[in-house]
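Below: the structure, in structure tokens.
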Amino acid sequence: MDQDQGRLYLGCREYLVALDMHNVNKEPLIVSLRSFENRPHSCLGECANFVRLMEPWNRTHLYTCGTGAYKPVCTFINRGWRAEDYVFRLVPGQVDSGKGKCSYDPRRANAATLINGNLYAGVHVDFMGTDPAIFRTLGDRPAVRTEQYDSRWLNEPVFVKIQKIPDSTQANDDKLYFFFREKSLDSTGGNNPIMVSRVGRVCLNDDGGQRSLVNKWTTFLKARLVCSVTGGDGVETHFDELRDVFILPTQDARNPVVYGVFATAGSVFKGSAVCVYAMSDIRNVFNGPFSHKHGHNYQWTPYTGKIPYPRPGTCPGGTFTPGLRSTKEFSDEAVNFVRAHPLMYQPVYPLHKRPLVLSTAGDHRFTSIAVDIVDATDGKYEVLFLGTDRGTVQKVIVLPKDASSTEQLILEEVEVFRDITIQQLYVTSDRGLTQVSLHRCGVYGRACSDCCLARDPYCAWDGETCASFTPSAKRRSRRQDVKHGDPLSQCRGFNTKGTKRLREAVQFGVEGSNVFLECQPRSPQASVKWLLQKDGRRKLLNREHEVLKTGHGVLLKELVQADAGVYHCQATENNYRHTVARIALRILDREIVEALTATDVPPLHRQPHEAAPPAAADPRTAAADPRTAAAAAAAASQAEVRLIGQYCRAYLEELCPGRSTKRTHRRHAEAGGSGCKPAAAASSSFPRRL
């Protein structure tokens, strides 16, 4: 993302696309990155150049790498000085190998960052994917990597995130933190590897050892990230698969907040969680004891022997080693200790030792995260955008419930890639990209109560509707309560207006059939109950066998005349109760409806030579007989005829909005040629049995 030029760069299969950040529907700038060698045009599927790395090289150029049809390649892209120049082209002759910068296989995850001309990347170096490494290439420093084919360092890792985080005010103490998951034998599980999440780090000024670990990291350390929850029975459930990391900057550059998305590793229990970590806790673990295998059972224990100088993981020329200019001056004892003890004994626990967000829904898992801090009228709030493996992202806010617990509120579901500056969401998939505004306040409606109950810090009621909220002391008429969501105090005097404006809908059903009454509160936290009003009295709808309640409404089964009445859908949240929908249900007599909708030819239209239909003994067949139908219609009560006529007028009004529905043959004849729906459609749209 290039905020200076207002561009969003999208790496695709054999193409690099530059989009306008403010409107992704504008004509994009496209660079073709097809295989740079003469290869068959029949290369399909994975045998193509998938762009996996895009990093700003300077103000005018990008450095980009792709899989190159299983032969990684890198090149430079000229993006110009200004967006108005519309410069976006490949730099000719600037193609080099991508080995150590990009994985061969597009299905393997990459993590990379470009710092001071040096590229740091977590990749798989070989074609078969058996040689994972954290590499430093380019720049003026020597190329270094992790130890090769040593499972104590890396064991089938999946790289997630790499980020530079300073440890002190001295630049020589700067470290590169990388987050990944790998198979490990350091926990209970016997000889069966289990998946665990890790945080590791190296010093940016690490140049490798002099006699041991030559061109290898001499400051490499790693520790386990724990994200777990303890059930009521005392059993601890671990979320061991790290999926994504978001690092939220704070005013102190040394102490950003680390948000991690985790999922369960097994297939029996499908859950996911978000855990939050403090950098001070991560540093304390790296300053703690090292893991060491000891004893006849060869178990992991804390190392209790002498720690060599400088302490493993310390950067040369930093706060604790001012006399050392390079890692090549480290003692052999210190370098060999790092080679054998890269793992810390203590794990890193999240804040409060519990997840911030927990999901045990079996239909999805969290896969990605973006976090924003929003200024609301009653404080600052964290808004989390959590991507799921079913292609959606949940917009979640976490609020303090009491001194020891919190509650999570799902505000809505969108697909996002977060940009903090321009307040936009970028929806990406293998099919394309879509732009969505963060301020989607219109989904909460126009009522003050609905806007307040939404508890969305981006939105506030402005006196007329739920609109985007901008902190300002002048806008005292804004109504917002993110912490408590209490419309009784915020919307006093405004809620009754919304109730009076609620329109009573009319819905028809046929005896013996089913009918669905729709009602969906705008807030997913609201509880719903249905009331039936008859003869001026309301009673709770609680017939379990004849009624099926869903999240979208209620299904009434096997209708009878006693089901007619006015149905009220009431939502309750935070002790605030209001009517969401009011539906007047009218029940039509089944036999009369079947008679009036019979498809047999009426006697008046039968030709003289045609015989009359035989008399039917079965009552249902008799109802279909036009003569019997006429008799049934004649026998119908005036109330039933008026009810069916009301249905017909409502239906004709739906066919021809705005037209009068006077029952004259001339008007009905004109309806067919006035741009309305065909008359044949009317006969097929009477309520049928579901």
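Just so you know, glycine gets a Cβ as well, placed from its N, Cα and C.
Listed ranges 20-48, 513-541, 600-628; the one TrEMBL annotates as region 'Disordered' is 600-628. Checked against TrEMBL, the range among 164-194, 226-256, 660-690 recorded as region 'Disordered' is 660-690. Confidence annotation: the domain 'Sema' (1-438) carries a mean pLDDT of 87 in the model.
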